[in-house]
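See structure below.
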Amino acid sequence: MTALLVAALSGLAILAVYIAALSARVSADAGSFSDAGGDLPGWAVMFATAGILLAGIDLPAHLALIGTYGLQASHIGIGLVLAAMGGLLFRGRLWLAARIAGLGSPGEALGLYYGSVALRVVVLSLVVIFALPFAAHLLSGAGGLLETATGGALPRTAAIAVLAFALFLPAVIGGWRASVLVLAVQSALLLALILFTVGFPELIRLPGGFLSVGIAVPEGMAADRIPGVFQYSAGIGKDHLPEGIFTTLGIASASLSLVGLAISPGLLWLAQSARPGREGGFGLVWLGAGLSAGILLLAAPFLAARLSAGPGPYAEILRAAEPLAGLALILLLILAGQMAAGFFATSGTLLVMRELVCRFVLPGLDAKAQRLAARIGLGFAFFALAVLAGFAPLFSALFASLALPLSLQLLPALLGLCFVPWISRGAVLAGLVFGALLVFFTEPPGLILFEALFLDLPWGRWPLTIHSAAWGLAFNLAVVLLASIFSKGGEERAHRERLHRAFAENRRGPAIGRTGATALWSLTLIWAFLAVGPGAILGNWFFTQPVFAGAEILPGLPSLMIWQLLFWLIGVMLVWWLAGRSGLGVTSDAHLRRISLTDPGLAMRGARAPDWIAAGVARVTGRLS
Amino acid sequence: MQPATERSDLPDPAARPDPARSHLMRLERHALVLAVWLPLGFLALALFHRGFAGFGAAWLAAGFGAVLAAFVLHVIVNAVLGTWFNGREVAVGAGAFALAVLALALFSLLSPGFAGSFFLPVAGGLIVLAAAVVIAMVTAFGPRGAFERFDIIRDNNPRDGSRLPHRGGRR
């Protein structure tokens, strides 16, 4: 297995370097190294987005959750339908903002639209959380798995270093374009590996499995039902819930956290870098909400049922049946971690270089110097990634838990930027502060820090079985709405309205109309209530003990799983409607009217470095010369 | 990586000079083709491995099915992008096919028991693949155009008269 695995991983690394070298040769223009000139092919963005949605949830951890909690945990796979909806809502408008107003990245768009440096700092902090602890946590898992699979022949830290170097090479050679092309190719492989790894054991009728023995959850756990609408619990670490933590509110809030993945700065920037067309919307509908969510709902329980002893032993069982099947399982789990880690580290570094270093620290660099700076930045980032993953896995895991819920806290700001002009800068900032505090103190970093410094808190992680993402978003939205009542007018509003007028003037695709929009959002709310909300509790027995039948039916699958599949299919139709009929999935650059959001009188403008940064740089460069 | 205020007018991708654009398109097509062949190639390899390990001809048929699926997707990519198989792809494909035919012939002659178990499914699979290539060519170029792609002898000695319409006038 070791030789086969090393050969396969080496082959993938060589393929990545090959694509990167071709890309570097073709895109000799230094200016497009960091953003691909906003000209990424639609198919690559489509595959890459689907791959990141699947890999970014930490696939091995998700399978482990299903192995522990059963179908209640796999229910959060429907969250990818919500995530696709979230991605669709914002990608088109952000893409348009990049083309008509030059707001080429999420941080730039939010910073210039609201005229706020603080928002830029918030987005950059989020980018760093995704690029370092979150990516390091995923890479650490991949390294650990590689150590297990090679029987210790490749120690964990060495494995992490090798994986990080294999990720660094294509990024530093070919930049953003190469990274996305490589990611797209790997995403196609990932999807095939999942289907093969799940389908092969069932085809050869390997003993055990989901259909014959189900998922071997601990004693007392509700393996094939949701344990209530919510439970009065102080949270993980304070209370033990024997039937499981994924109540309907737990599922809804965990699904919301997946929206945080879809609107993470890296994925939004990927959408902004795409060529105009229908592919982005198509990808979110059929590969994101369709295939990826379907895989999590239908295939993940089958895989999790066989992984009860861990990936290593199961890979050995598969290998005995077919060596390449054993390899496929290990490759799948390593590739998932590696892809997400590479994407967030690369996109994060390039965003930091673009928005911080080349804008404020060294604003006068020409295109070639900017490319060099980006390459140096990538070197530092991947080194830090390897160090964090190798030597601080606990720190990485703790701070990685903040990434998705904190990313979701950008939702009101993005809603304001894309649709709601009366959401003001002050409201967004106040909401972000409250939302981030709620997230911080309902996730391990805040709890550990506070309890170590001061006193024990009465709640733990996910109090009332509600994910931190939802706690943060509830307070965030409440504060944003309240604050916007008092600050929705004024000169700032006029500035914001300019972008919204430009959106309306440059609108493409079919108009859905007021009736259509009402129908769409009403159906979406009803769907959300039944699919991931409190209504999902009906799925526990709906198909095995129908209300009026008065008898028990044995459909061959647990009732909850049928409910999940039914609402997944309905959800895909809704996302399709959102993308196609309402025009949110279509981008076009024909006859765009450009505007400039750099009016005098607002806080953010120009590329001049702040005095304190300029003075600091001058002091260092003065000494060097 | 210019700041936004300096890039309110992003370069229009369609306005790029043609050679760079066509190189870019070729790179993207190449990556897309890799995205098609890599997963299906791995799948085919695993299925062939199991088939040759003696688990039945169905696995071999499934392996050829995976190769066929990859070929069909490749043809679809060509149709969508308005391209055809390039020289390297033809060389790799023809080389792999020739190698497979040679291996089948050698193993059938030299390895006892091989022909009885594997000759029919493998030969059948190879024939199906060859037929798929012919069907794809006929669909793309028509019967005459497909034949002309192999008509090397006629191309070797191009006389002026061959350009006349009543003698074919192909060039």
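Every residue gets a Cβ built from N, Cα and C, even glycine.
No curator has checked TrEMBL annotations; they are predicted automatically.
Among the residue ranges A:427-448, A:603-624, the one that TrEMBL annotates as transmembrane segment is A:427-448.
As stated in TrEMBL, the feature transmembrane segment covers range A:96-114 out of the listed A:96-114, A:210-228.
The stretches the transmembrane segment (A:96-114) and the transmembrane segment (A:69-90) do not meet in space: the count of Cβ pairs below 8 angstroms, excluding pairs fewer than 6 apart in sequence, stays at fewer than three. The largest share of C-beta pairs under 8 angstroms with the transmembrane segment (A:427-448) comes from A:468-486, of the ranges A:121-141, A:180-200, A:398-420, A:468-486, A:517-541. At the 8 Å Cβ cutoff, the transmembrane segment (A:69-90) and the transmembrane segment (A:398-420) share at least 3 close pairs (sequence separation 6 or more) and count as touching. Beyond the ends of the transmembrane segment (A:398-420), by six or more residues, the same chain brings 86, 89-90, 93-94, 97, 106, 109-110, 113-114, 119, 122-123, 126, 129-130, 132-134, 136-138, 256-261, 263-265, 427-428, 431-432, 435-436, 439-440, 443-445, 448, 467-469, 472-473, 476-477, 480, 496, 499, 503 to within a C-beta distance below 8 angstroms of the stretch.
Note on the transmembrane segment (A:468-486): residues 249, 252-254, 256-257, 260, 401, 404-406, 408-409, 411-412, 422-424, 426-428, 430-432, 434-439, 442-443, 461-462 of its chain, located 6 or more positions outside it, place their CB under 8 angstroms from a CB of the stretch. Outside the transmembrane segment (A:180-200), and at least 6 residues removed from its termini, the chain residues within Cβ reach (under 8 Å) are 12, 15-16, 19-20, 23, 36, 40, 43-48, 50-52, 54-55, 170, 174, 270, 273, 291, 295, 299, 302-303, 318, 322, 325, 328-329, 331-332, 335-336, 339, 342-343. With respect to Cβ pairs under 8 Å, the transmembrane segment (A:324-352) is most closely packed against A:121-141, considering the stretches A:121-141, A:153-173, A:245-270, A:561-579. Taking every listed stretch (A:153-173, A:245-270, A:561-579) in turn, the largest tally of C-beta pairs under 8 A with the transmembrane segment (A:121-141) is reached by A:245-270.
Residues of the same chain lying 6 or more positions beyond the ends of the transmembrane segment (A:153-173) and with a Cβ under 8 Å from any Cβ of it are 2, 6, 9, 12-13, 16-17, 19-21, 23-24, 139-140, 142-144, 146-147, 179, 182, 334, 338, 341-342, 345-346, 349, 375, 378-379, 382-383, 385-386, 389-391.
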